[in-house]
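Structure first, then comments.
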């Protein structure tokens, strides 16, 4: 159980680092907005909403992680839940199908957007290539690991 507790503490530390980097990046861009192109107010609201959403998610995850690490009973329940083979299989199947559907959707959107705007086409193709690189990198990693 100590190994799992150390793993949880590592996750919490990573979430804290991500929260700090995200806040610093957003606040830095907000502070230097004079040198950036002027955006419509809708985008400013979307940026702010996305920032608040990410930060709230990270804070809630950090608090839950701290709650789990401080109580041995909750820590054990979390360990059992996280290492449940049935749940892992369901998540694995869902993730595989989701990534496939997302890649096909991005490809269809890129082809369609190509008729209207080359910049949107290249953006979607770049997104698709990024998803493919991540997918196959993880596939190779886990194939060698197991």
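Glycine too: its Cβ is placed from the backbone N, Cα and C atoms.
Feature transmembrane segment, per TrEMBL, maps to range 45-66 of the set 45-66, 67-88.
Beyond the transmembrane segment (95-116), the same-chain residues lying 6 or more positions past its ends with a Cβ under 8 Å from any Cβ of the stretch are 124-125, 127-128, 131-132, 135.
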